[in-house]
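Just below is one structure, and these are the notes that go with it.
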Amino acid sequence: MSSELNGNKERLGPAGRLAALFQGSAITPLLALVGLLLGLFAVLVTPKEEEPQIDVTFADVYIPFPGATPAEVASLVTTPAEQVVSQIKGIDTLYSFSQPDGALLVVVFKVGVSREQAIVDLNNQLDSNRDWLPQGIGVGQPLVKPRGIDDVPIVSLTLWSKEGSKQLGAPELTRVAHELETELKRIPGTRDIYTLGSQSAVLRVMPDPAALSAHGISWGELSQRLAAANQVGTTQAIEQSNSEIKVQVGQFLQSEQEARELVVGLHDGKPVYLGDVARVSLGQETPTKRSWMGLGQASYPAVTLAIGKQPGQNAVDVAKRVEARVESLQNRLIPAGVEVTVTRDYGVTAETKSNTLIGKLIFATTAVVLLVLVSMGWREALVVGVAIVITLALTLFASWAWGFTLNRVSLFALIFSIGILVDDAIVVVENIHRHRGLGKGALKELIPGAVDEVGGPTILATLTVIAALLPMAFVSGLMGPYMSPIPINASMGMLISLLVAFIFSPWLASHLLKDSVHGAHGEAKAGLFHRLMTPFLIGDGAKRARRKLWLVVLLLVGAATAMPVVQWVVLKMLPFDNKSEFQLVLDMPEGATLEQTERTLLAVGRELAKVEEVKDYQIYAGTAAPINFNGLVRHYFIRSGANVGDIQVNLVDKHERDRSSHQIAQSVREPLQAIASAAGGNLKVVEVPPGPPVWSPIVAEIYGPTQAAREAAARAVQARFVATADLVDVDIYLTDPQPKWRLVVDRSKAALLGVDLGDLVNTLNGGVGYQDASWLQGHGAKYPVPIRIELAPGDKRDLAGVLALKVRSQSGQLVRVSELVSRRDELAPSYIMHKNMQPMVMVVADMGGHTDSPLYGMFAAGADIDLPQYYVQQPDKLGEVALLWDGEWKITYETFRDMGLAYAVGMILIYLLVVAQFRSYLVPLIIMAPIPLTIIGVMPGHALLGAQFTATSMIGMIALAGIIVRNSILLVDFIEQQRRAGMVFEQAVIEAAQVRAKPIMLTALAAMIGALFILDDPIFNGLAISLIFGILVSTLLTLVVIPLLYYALLSRRS
């Protein structure tokens, strides 16, 4: 057949014509060189990151409403705001939190919506609907704060000081950090730079209520006179003697002594200085947050600089520039005695991951070339190897042009693709090699015919793989763009590999290979397949043997399918990666002081230091640790207050420890939670999620008609979670009751005495808290130093000092505050949470134990919850108290639903392609028959290795559909070629298995070898297992089952 094709070039198909055109062309090697250069260019310019860039946009809308209760905020502000904001196109979810003094709306846009467009639309909607804001009751203007993936710092630097004579405290470290902020912001590519745990300087004015009263000065007058004395007028100009002279009035307060000597009133005809009525000191603010650097059992005061990068910048380059600049500033801007520890470097992790994966890519390529070397010879191996390199180079360039970065997913896509990218080259080169063995002509004459012989099925097989993979690019939600480099890069690579196999491989083969290689070909294989298949084809028992074979195959498929049902294989969205960090999140009871929270965190840190894999840890009391993508989604950055705290735990490199980060996190949960529980706190162990983050792995949203009904149901669900085996880190989105003192003003008495109510309220607010009257100038600091009027802690503790303050009446008399107010004891109400404009209460948990899959914990807890349960849509029955499951369940459901649809679409596309090629409705069904056979390998493979069946496992199964169909196409196409040549049907079936066994086994082994190199990755090992075991089993079965099935069905029809 090939000689006939060589003798009649006009009868060649597109593959043969391409081979004939380029095998003697001088431009072919130049095209290959251009491909290699484009690949080199892509490697140099493509940004390197650890995770894919996901275009996900959040926006926080803050609306102040001072003095309002959560119920008032919800009815007057939150609900109208939700109605306005919800009109914007592209919103995925709208959360709101109605709390004392204001509302927070969290607007989550759909994945893929442009950040710029989303924020413009949100601001336009709020600005054009300002009439919804209640007027005259104190509601402030909305403040919009956009959030996105680039708000996550890629580098964090912790500044701390060792014990000794040169040890610096938090205020001094804060000053150094603020100077570093300015210096580091000059580095190209940096974005937000801020300091966590800072304790800024203040000029504290601590008035003595008795002294103020004795000198006839009220709190309000003290504040006004401080502000008035610290003013400078705008620069003016006058003309004198034909020249212009600048004139400026006033001077700023610039020192503690100037402030102390400031005249703030007259008493008995004598000036009253600020120092007469208050203690004035320049020092640190009253701490509302503190941070510590933990090394072993010792902890040191610290502050942490968080540095982000601009969109599209290379994380590796930005991180290196930051660390180089810090190194250059040692003993200059950074004084001796200040230690700078890099406590986060996503640039290093991105570079390490990238280099590791590129190394695996090289090893996988080498392994495939060695496979061809063993099976066909060094010349053929060289042809295949060069084809792989050119294909990878062009695929890297195409990936860069598409907009992907070099990250773990895009590089895994290339490693996973090695096995299928090489298929086209292997099939083409193997067929050229086989035709050389037949010795029927000169090499250059037989190459176009040899290429054309497999060209049609190779094109079809390539398109079927693309048809199986490409629909995965349309998976919705966060998981879609996260995994999109796999289908897109693999599909682009397949098209490129097809062109390389038809254009460059024939050219290189014609220059490297010898004209012919004589000798027996396939005699051993012919004997094997003849003995194996004859009982199913010839004789009286052939039909019965085939039926037994079909029954065995069906039983194997059924047994494999049952494995997840009996939990021999556990289903999970994604397994945990082996990271170098995890986080501890502490919530103390409402009303706990900063010192109590700090003591608990330090005790947890000391216990944590006993874990040998812990390198260091940073404690943050009253504030949050530097956020990661998980913290961004969960809004950890808004965690503040005396009763909250975080510990950032950094582990030694994974190559220096035996346990994974997940195993370490699981092991420390119980002892650390015991310490927190003893202090009344709730400690959660938060690991970096392996994929798109959610509020919590297990989320139960409780809906109902009233807040009381929702809270009662939520408390019952919380109790059920606590009682469910292996559910850990249980928490509820409600605040516990906290004592609250309300100072009630006697309005009638104040009016009779002529006291201004505004002055009275400001005096009380300042006395309980503080009041920044003005700013101290001349310190050269990045942030201004406030002049802060604040009572001594002892005067605030029981309100005695506050109630001793006086206000001025219209008659000029000073009136004691205690005469105008009374104290009323109350309980502070909890905030009210809405989702998509429906009020709800959220109960969250995580899954521990051996199963480690939140889905099983969710269903176990749900079995004992006596509420209507919803899984997809929010409850909408009026008056119903119901539960909606969210968290990992939602993203798992959406991902597997969309992947299932992608799988179905892929099957339809494959069927249509094969129908178009073979012009038959039955033959495509035979060709696609091996697809279900893959499960015989996939599920037992997961069970054998104790691996969970994850989203990446599903990706492997989808890819298998295209890969296995390729084998069927090669077999059926060859059977048809032999039948047209006059061969007996039974003999054609055996001949097809014998001749196509080698390219089929080679491509199968190549795909398995590529998968072997990702088997050790915690996240992508599911994909590797699916490919290795699925290809192994289905390929062996395909070589026998497909020819026999084709024979059985077509012989029956004939």
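Even glycines carry a Cβ here, placed using N, Cα and C.
Per TrEMBL, transmembrane segment is recorded for 21-45 (among others).
Below 8 angstroms of C-beta separation, residues 380-382, 384-385, 388-389, 392, 408, 411-412, 414-415, 418-419, 422, 426, 429, 1002, 1005-1006, 1009-1010, 1012-1014 of the same chain, each at least six residues beyond the ends of the transmembrane segment (357-374), sit close to that stretch. Sequence annotations record features per position, and here TrEMBL assigns transmembrane segment to 357-374 (among others).
Per TrEMBL, the feature transmembrane segment maps to 381-403 (among others).
Positions annotated as transmembrane segment by TrEMBL: 409-429 (among others).
Within its own chain, the transmembrane segment (450-474) has Cβ neighbours under 8 Å at 1-2, 5, 12-19, 420, 423-424, 427-428, 431-432, 434-435, 480, 483-484, 486-488, 490-491, 494-495, 497-498, 501-502, 506, 898-899, 901-903, 905-907, 909-910, 913-914, 917, 955, 958-959, 961-963, 965-966, 969-970, 973, 977, 999, counting only residues six or more beyond its boundaries. The transmembrane segment feature in TrEMBL is assigned to 450-474 (among others).
Marked as transmembrane segment by TrEMBL: 486-509 (among others).
Beyond its flanks by at least six residues, the transmembrane segment (549-570) meets 536, 851-853, 856, 932-933, 935-936, 938-940, 942-943, 948-949, 1037, 1040-1041, 1044 of its own chain at Cβ-Cβ distances under 8 Å. Taken from TrEMBL, the feature transmembrane segment applies to 549-570 (among others).
Residues or ranges marked as transmembrane segment by TrEMBL: 900-918 (among others).
Among the features that TrEMBL reports, transmembrane segment is placed at 925-945 (among others).
TrEMBL lists 951-975 (among others) with the feature transmembrane segment.
What TrEMBL lists as transmembrane segment is 995-1015 (among others).
Annotation comment: TrEMBL describes 1027-1049 (among others) as transmembrane segment. Among residues of the same chain six or more beyond the transmembrane segment (1027-1049), those with a C-beta under 8 A of the stretch's C-beta atoms are 416, 419, 529, 532-533, 536-537, 543, 546, 549, 553, 922-923, 926-927, 929-930, 933-938, 940-942, 944, 956-957, 959-960, 963-964, 967-968, 971-972, 975, 985-986, 989-990, 992-993, 997, 1000-1001, 1004, 1007-1008, 1010-1012, 1015.
Segment contact is absent for the transmembrane segment (409-429) and the transmembrane segment (925-945), given fewer than three CB pairs below 8 angstroms at sequence separation of 6 or more. Nonlocal intrachain contacts for the transmembrane segment (995-1015), taken as residues 6+ away from its ends with a CB within less than 8 angstroms of a stretch CB, comprise 360-361, 363-364, 367-368, 371-372, 375, 412, 415-420, 422-423, 426-427, 430-431, 434, 454, 522, 525, 529, 956, 963, 966-967, 970-971, 974, 1021, 1023-1025, 1027-1028, 1031-1032, 1035, 1038-1039. Take the transmembrane segment (900-918) and the stretches 21-45, 381-403, 486-509, 925-945, 951-975: counting Cβ pairs under 8 Å, 951-975 has the most. Long-range Cβ contacts of the transmembrane segment (21-45) within its own chain (Cβ-Cβ under 8 Å, at least 6 residues beyond either end) map to 386, 389-390, 392-397, 399-400, 406, 444, 447-448, 500, 502-504, 506-507, 509-510. Residues 416, 419-420, 423, 427, 454, 456-457, 460-462, 464-469, 472, 479, 483, 486, 490, 573-574, 691, 892, 895-896, 899, 902-903, 906-907, 910, 914, 917-918, 923, 926-931, 933-935, 938, 942, 988-989, 991-993, 995-996, 999-1000, 1003-1004, 1007, 1011, 1019-1027, 1030-1031, 1034-1035, 1038-1039, 1042-1043, 1046 of the same chain, all 6+ positions outside the transmembrane segment (951-975), place their C-beta atoms under 8 angstroms from a C-beta of that stretch.
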